[in-house]
Structures are given as C-alpha cells and as structure tokens.
Amino acid sequence: NLVQQLPRAIIIGVRKGGTRALLEMLNLHPAVVKASQEIHFFDNDQNYARGIDWYRGKMPFSFPHQITIEKSPAYFITEEVPERIFKMNSSIKLLIIVREPTTRAVSDYTQVLEGKERKNKTYHKFEKLAIDANTCEVNTKYKAVRTSIYTKHLERWLKYFPVEQFHIVDGDRLITDPLPELQLVERFLNLPSRISQYNLYFNATRGFYCLRFNIVFNKCLAGSKGRIHPEVDPSVVTKLQKFFHPFNQKFYQITGRTFNWP
Ligand SMILES: Nc1ncnc2c1ncn2[C@@H]1O[C@H](COP(=O)(O)OS(=O)(=O)O)[C@@H](OP(=O)(O)O)[C@H]1O
C-alpha cells in the first residue's frame, strides 16, 4: 500500500535560507518523506502545464500515514505560485526558512559568483551590485536584495493563505542549533516529536551539523552548502542592514516571529 502523495507541506523558500538542510532534517522523522529534487512545478510554466498528475508522479512512494514534503525556493518569490498552490490545496502547510537578510543576500551572491567562476567568467563585486552607483543608495533592482525583502513577498501569499498556514523557521538558528527549530516544525505539522539530539551531530571538519539516521547511516550536506562568503565593505553591510530594517519590522509584525536582526 505504498502510494505517491501530493505534498501536505511545502518549503516555499527562501533561497539560501537553509531549505535543503531543513528538508533533509525533517526527513529524519519517520512520518516524513521528501521529494529529493526541487520539482519547480508551480514556478515553471512548462512544468505547470504538465498538470497535477505529473507533479504527483514526481513524489516518492510513501505509506498513507506519512506526509510528503518538497522544497523549491523559487516558489516564494514567483508571482503566480500562491494562486497555483491554493488551487491544488487551500489548506496546505507552508514553511519559510529565513536568514538575516543581508547575510542571505551575500550567500545568494556567492552562489551566483561560484557559477560564473566555474565558467571562467568574471563577475562584479557584491558592493557594485548592491549599491546604485549614481545615488549611492541600495539597488532595489538587484535580485539578491529583492529576495531578502521578505515582507513584500509574504504579503502576496497572504492574499491567498491565512497567516496561520505559514511557519517561519529561523535559518540562522538551524545552522547553530537545529533541534529546537525542528521541534517547532514537528509541532506545526502536528507530528509527534521524533527527531532527537541523536539524529544531529556537529561535524567540526564540515563546520555544520550533519544527520544521523541510525547506527549505520549518516550524512552531511553537499559541499555546495556552507560556502565561504567574500568579505563585504562594512559600510555597505550597514547600508543594507538599515535598508532592510523597516521591512524586517513589518515581517515580525505579520508573522509574530521576531528575530534580533540589526
Ligand atoms: N547542516 C547544514 N549543513 C550545511 N549547510 C547548512 C546547514 N544548515 C544550514 N545550512 C545553510 O544552508 C544554506 C543554503 O541554503 P539553501 O539550501 O536554501 O540554498 S538553495 O537556495 O537551495 O541554493 C547554506 O548557506 P551558505 O553558508 O551561505 O552557503 C548553509 O549555511
């Protein structure tokens, strides 16, 4: 009686928030199965046109009592996605993992930079992209900046889903102390608490927590997770932090979850 089930929860973002770590860690729970790949069903028009049965066909086999989770961080920032997910399941649970917005922007930049370097291409410095040369203000057209304005994106989602259907995960704490964050998600998903300290061990070489499923099987995330960020001009960091501040306040207010971001 193994079946392919549509997800009952989706990690909709945020890109570089720790979406992979969150999915893999939730998969430690015996009642959670994960779609291994990012499916990009709701953000990619071509995939969306293939229909819901195509989407279901991408899901892993599971027992009826288990819940399927997928993660595609592009969902959070893509215009059409909230309506499309609503049409599939208006009571679906939505997980958003966030990090301090400036750190997230630099992480996003670092990923793109690495892609350019792999192709032997040069790329602008972060400072050049993040600050408008004419006005010396934050460049709100730069995607890595826009993605970090969490409240703007969330407000689009709230046209379809009530705030209770979202759970915000602290991506910075998932790095340093994952268990409490995972326990909050278990509760949000109405799952019994099953993930324990045994399942998570700090790997000093890796500099991150890794996963222990059982006595024989353990794993760390891929090397592409946890890149070294370039150093950013402190005045640019401050400018960005000041820029994000009011948006962060709004985000805390809407979600009821406060972070001590600058
Ligand atoms: N346990 C563990 N191991 C490795 N990495 C971890 C872990 N927990 C969280 N993270 C952080 O996850 C960041 C990548 O986020 P995402 O998986 O959302 O990136 S992506 O959008 O899917 O590309 C990645 O960001 P960077 O450090 O900036 O590379 C990690 O810091």
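Cβ from N, Cα, C; glycine included.
Whatever TrEMBL says is automated annotation, not expert-curated.
Quick look at what TrEMBL annotates:
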DOMAIN    7-251  domain 'Sulfotransferase'
BINDING   LYS16, GLY17, GLY18, THR19, ARG20, ARG99, SER107, TYR209, LYS225, GLY226, ARG227, ILE228, HIS229  3'-phosphoadenylyl sulfate binding site
ACT_SITE  LYS16  active site, for sulfotransferase activity
DISULFID  CYS210-CYS220  disulfide bond
Whole-number Å value for how far CYS220 (disulfide bond) lies from SER107 (3'-phosphoadenylyl sulfate binding site) (Cα to Cα): 19
Query: What does DSSP say about ARG227 (3'-phosphoadenylyl sulfate binding site): helix, strand or coil?
result: coil
Inter-residue C-alpha distance, HIS229 (3'-phosphoadenylyl sulfate binding site) and CYS210 (disulfide bond) (nearest angstrom): 21
Statement: For the binding-site residues SER107, HIS229, the largest set of other C-beta atoms within 10 Å encircles the C-beta of SER107
Statement: GLY18 (3'-phosphoadenylyl sulfate binding site) and CYS210 (disulfide bond), compared by Cα position, are separated in whole Å by 13
Message: Within its own chain, what residues at least 6 apart in sequence put their Cβ under 8 Å from the Cβ of ARG20 (3'-phosphoadenylyl sulfate binding site), listed in sequence order?
response: LYS71, LEU221, LYS225
